[in-house]
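Written below as structure tokens is the structure these notes are about.
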């Protein structure tokens, strides 16, 4: 026995009943749990913060080690200040060894070219889109958005031209206005303006640029409102009216429709608003539905059907950057599984690219031809010279053998592109080239407009191979620009690369791309390292952010003024969507029903000396705990989740999984709801009530609790599904948190209802009025009862009651009942004998008490027969025995 008690004393603390009997200990336990939870959560947060700081320090140490290695390999030093955004736009100093003095000198020459171009723009075309150097005036080729100025921001910043950068920033802050009645190219505006502003934000951390990028992106978004999600290519910035150019026959252009991913994904990451990312990723998903086996798409796409039209397949004009962004979106997401579909599509397209590779005779120059249907056209645009750099950049994702094969092809194509320049008298390339039998290459369209594609590929190849030959090629091209394109007030293109006749336009991409890539070609690899940055197709570097697709990340890219904690909250903390919340609610319902089952089982225990009336009310206690859990955890958490996500709402990822979760939960909850409804109907019938009445006033809270909880769950699942459908159809993520708020309020109403029902039961609600009338009618019409002075009733369990009454008994009737039992004739005979009378009277005194008890038992039995739920009846005599005797 002692061992048994000892065992119980060890285990009693895990028995809920132990704490329910000791509310102070229960409160103490709850406080300990809350404080412990906050303590461990805070410790976890601090540990995570510490780990992040350690990670950042390790990255800095790695960079410094790499820099030290470069210094050791070089020997002597000269110092040059260089800005780049490793951590928020900090200034970084690096040293040039004697071997790199030449690089530093060339870099200074490129910087001088940038100063000459920028100063001319600032003097003659400030605020306009582009400079016409020959006539010394500005033109608005892009609606007056200051294209050259915005395109040049990150170049100025990287080159350390602080004064020029600050003047440009002031113009952006005070004069840049996107509310223009202008039909803008979605593609050009995205890569130049959105990309330029985002890159400058990532480099400087100045939120002005992020706000401006969001402003122009919001004006572009209506272009994606098509049946297929493939955007129109033209949109009015003031009125938002999208359309396609007439010369495409109403079709959208492949490159124009598939080259916004980097900018819009980055914008969603930095703002926490997923709508931008969703629009551009839907384009890729739509194209992937019918992606060809060779991964090559014609340049025209129907925006209504999402199907391609019969047109040219090319890595040149109108096709080029689509393939580029498949690779770079994978890099931008840090090559995780969440962006693996981009890589898969890109590798498929590269298989198609291999089918377009041809070589010339006699020199065996590799080139990329174009395709129309099954026919090949031996023509290659200078625009396609981005491909060598793309292949070199993407080679790292292959096996070593495959990587070397693609790197070799990249080098072959780069040699061809370099010879586009070397083959002309001016040493500048024409716009495109043709390849004929026995002839290596001939200029087709002979103008040169300062394009950057060849220099871009040389930059990537130098960074990835370390081969200084590519620097030499780049320097030769730069000298050709200096010789043929530099004029007194800027740089101009050539109308003819054979004659050197100049045009009158300094393209904005000359400052954004050509000069930037040349500058980086002669800079250490620690400046804008390729493992931290990805360049958009306009050469604007964008910070790489790891994608996991549990949330749209919002990161502090390069000195963002958001706090680290806010950044982590957005990066990690997209809260649960209604579908996942409802899945958790389904699990919570199972736990709640386990509580109810425990309470139901405990309430069936037999009465004992501690609880003489039994444990009927215990089910009310557990039902109340269940209801409180619903309102605190279910309703509260869901509403808070919804309210927080109103400001950072984003569409849920993997809708197919969400549909499975909602569907599975709906089936489980529906089955449980049907069982609960049947139980409630059965209970209502047993108590002679209508179902509605039973729900509000029935005596068993358990079935009602299960039914209402399951009903709320089913309704919540419907709301969750509807909210996801609304998000998917409209593209507006606001329906997601609204769904959470609706579900939370629904759970709250159910919880309040259950709490109110159980509260009434626990504080001792009286029996129903109709049952009470039955009892009082019985008592008031019984001949033994003169009057009822006091009566009380109380619910002690589901359908179980206690009734108590104080009654005046009718003494005459009581005696008559006694005489009826004793026999009136025997009574009359005994009246003549005094001794007998005394014997009778003494016997009568005892029999009165017995008779009174018998009458009480009879009344209690009849009351229980009238109302079966009354398990305990207490009838007390209001009048004394003397009063009854006197009444005789």
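Cβ from N, Cα, C; glycine included.
TrEMBL labels come from automatic prediction, so no person has curated them.
Here TrEMBL flags 188, 431 as active site, proton donor. Residues annotated as Ca(2+) binding site in TrEMBL: 537. Sequence annotations record features per position, and here TrEMBL assigns coiled coil to 47-74. What TrEMBL records for 582-762 is domain 'Cation efflux protein transmembrane'. Summarising the annotation, TrEMBL assigns transmembrane segment to 620-643, 655-677, 734-755.
Structure with TrEMBL features highlighted.
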{"residue": "188", "record": "active site, proton donor", "Cβ within 10 Å": "20"}
{"residue": "431", "record": "active site, proton donor", "Cβ within 10 Å": "20"}
{"residue": "537", "record": "Ca(2+) binding site", "Cβ within 10 Å": "26"}
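Residue pair residue 537 (Ca(2+) binding site) / residue 188 (active site, proton donor) shows a Cα separation of 10 Å. For the pair residue 431 (active site, proton donor) and residue 188 (active site, proton donor), the C-alpha distance works out to 19 angstrom.
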